[in-house]
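What TrEMBL annotates here:
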type	residues	note
DOMAIN	3-414	domain 'Enolpyruvate transferase'
BINDING	K16, G88, R116, Q163, R340, R381	phosphoenolpyruvate binding site
BINDING	K16, S17, R21, S161, Q163, D309, K336	3-phosphoshikimate binding site
ACT_SITE	D309	active site, proton acceptor
Amino acid sequence: MPGGPLQGEVRVPGDKSVSHRAVMLGALAEGTTHIHGFLEGEDTRATARAFERMGVRIEAPGDAERVVQGVGLHGLQGAGTIDCGNAGTGMRLLAGVLAGQAFDSVLTGDTSLSARPMARVIEPLQRMGARIESSDGGRPPLHVHGGQALRGIDYALPVASAQVKSALLLAGLYANGTTTVREPHPTRDYSERMLEAFGYPVRFEPGYASLDGGHSLRATEVYVPADFSSAAFFIVAATVVPGSELRLPAVGMNPRRIGLLHVLRAMGADIVEHDPRTSGGEPVADLLVRYAPLRGIEVPEAWVPDMIDEFPALFVAAAAARGRTVVRGASELRVKESDRIAAMAQGLRALGVSVDEAPDGAAIEGGRIQGGRIDSRGDHRIAMSFAVAAQLADGEVEIDDVVNVATSFPGFVDLAAGAGFGLREVSPAA
Ligand code: S3P
């Protein structure tokens with residue numbers, strides 16, 4: 001289905017990271033938390049279901065709204081096995097919460113999540129006194145034993161990870177003494193900001209977060225910004241499809257998330273931020289994205305953590321650019337919902353694009369994009385990135401294994417088609 005220039009306005013759904021944390025902190029708070037703009041994705045719904053199973057009442061008075069009746073830090077009830085679905089954020093943050101409970105729990109996930117590394121969170125939690133068992137090689141399922149006395153630690157993360165940092169801070173709520181996390185590169189600070197918004201004393205600055213156990217959380221209102229990572233597919237699409245001019249209102253602009261904007265601008269993109277403001281404590285802006293010819297660049301390694309989820313989309317921008325784009329220092333991409341370096345390299349090659357793979361990145365030679373068939377490996381961001389690539393392809397692009405798009409971006413196909421994408425969903429039986 002050929003697409004045309006992208007035009008008009010696209011409102012992308014709520015931020016996944018913020019939605020997970022809003023449910024968790026709302027559940028652990030005293031009082032009633034209202035969440036506005038909650039992501040109705042499979043990942044965040046799995047987290048909400050987990051807390052409902054642990055005795056938390058969560059109502060959905062409307063689309064993207066949640067009312068969470070907090071039970072306080074010590075009010076959860078054991079639920080046995082909790083299925084986190086596809087969500088690494090859900091599982092890692094829950095491991096931190098559950099390490100501090102009186103009851104035992106088992107955390108499971110789908111095939112992708114079952115292959116993802118959990119030692120990075122198990123090991124520091126064990127240092128805090130947690131008892132957690134995993135499958136071989138630190139893979140899920142995780143058996144988290146309750147009734148352990150946790151103590152604060154001062155921990156330098158070997159790999160920059162907001163999920164691990166957040167798990168330790170959540171366990172730190174239950175620990176004796178001070179839990180401090182130091183990062184090799186600053187990562188998204190939603191947990192810290194939200195703990196503060198829930199009235200919990202926390203000290204933080206880029207690369208550092210610290211709190212003392214024993215305080216409590218007070219319910220609040222949470223306004224979830226539109227997810228920059230979901231907006232990224234439209235930002236790249238409008239940049240690479242000639243004649244496009246697309247507005248994206250109220251996109252979350254947390255500085256730890258917008259590395260892609262810096263990279264695209266360095267490549268020549270035309271992205272204007274209008275009306276920068278704060279909503280629910282988070283910076284947001286309306287974005288206006290116009291088509292612009294891109295040139296390849298070397299992505300500075302220091303920018304990698306600020307765009308860790310945006311590399312699949314960036315690879316497509318690189319394929320559309322003149323010249324070579326080089327990504328290094330991004331080996332974390334190999335342990336996301338899929339091995340994103342391999343998935344993107346294989347998919348782009350299937351569309352005739354030349355890609356040199358490296359252990360920690362890739363070099364992409366921009367040029368012509370052909371039609372072809374893509375295995376998205378069940379990874380939402382791989383599937384959506386190739387939907388963008390398809391807008392430039394000179395033949396049809398068929399993308400397999402796309403159901404997981406709903407983990408982070410329910411309604412993507414309709415929203416994209418409405419903006420001008422030539423895209424339709426075909427059921428497996430068709
Ligand atoms: C997330 C952190 C990132 C990101 C993920 C969401 C979070 O992972 O890739 O999609 O909400 O904390 P790491 O920082 O653990 O690499």
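Just so you know, glycine gets a Cβ as well, placed from its N, Cα and C.
Closeness to ligand 1 is met by S17, these being the binding-site residues among S17, R21, R116, R340, R381 whose Cβ falls under 6 Å from the molecule. Ranked by how many other Cβ atoms sit within 10 Å of their Cβ, the binding-site residues K16, R381 place K16 at the bottom. The 10 Å shell around the Cβ of R116 (phosphoenolpyruvate binding site) contains 19 further Cβ atoms across the protein chains shown.
When each of the binding-site residues R21, K336, R340 is scored by how many other Cβ atoms sit within 10 Å of its Cβ, K336 comes out lowest. In the structure shown, the C-beta of S17 has more C-beta neighbours within 10 angstroms than that of any other entry among the binding-site residues S17, S161, Q163. Near G88 (phosphoenolpyruvate binding site), with the C-alpha within 10 Å of its C-alpha, lie none of the binding-site residues R21, S161, D309. Taking Cβ-Cβ distances under 8 Å and a sequence separation of 6 or more, the neighbours of D309 (3-phosphoshikimate binding site) in its chain are S229, A232, K336, R381. Cα distances from R340 (phosphoenolpyruvate binding site) to the binding-site residues S17, R21, S161 are smallest for S161. Other C-beta atoms found within 10 angstroms of the C-beta of G88 (phosphoenolpyruvate binding site) number 22, with every protein chain shown included.
Here the binding residues for phosphoenolpyruvate are K16, G88, R116, Q163, R340, R381. Their largest Cα to Cα distance works out to 19 Å. The two recorded residues, R116 (phosphoenolpyruvate binding site) and S17 (3-phosphoshikimate binding site), have Cα atoms 18 Å apart. For the domain 'Enolpyruvate transferase' (3-414), the model's average pLDDT works out to 97.
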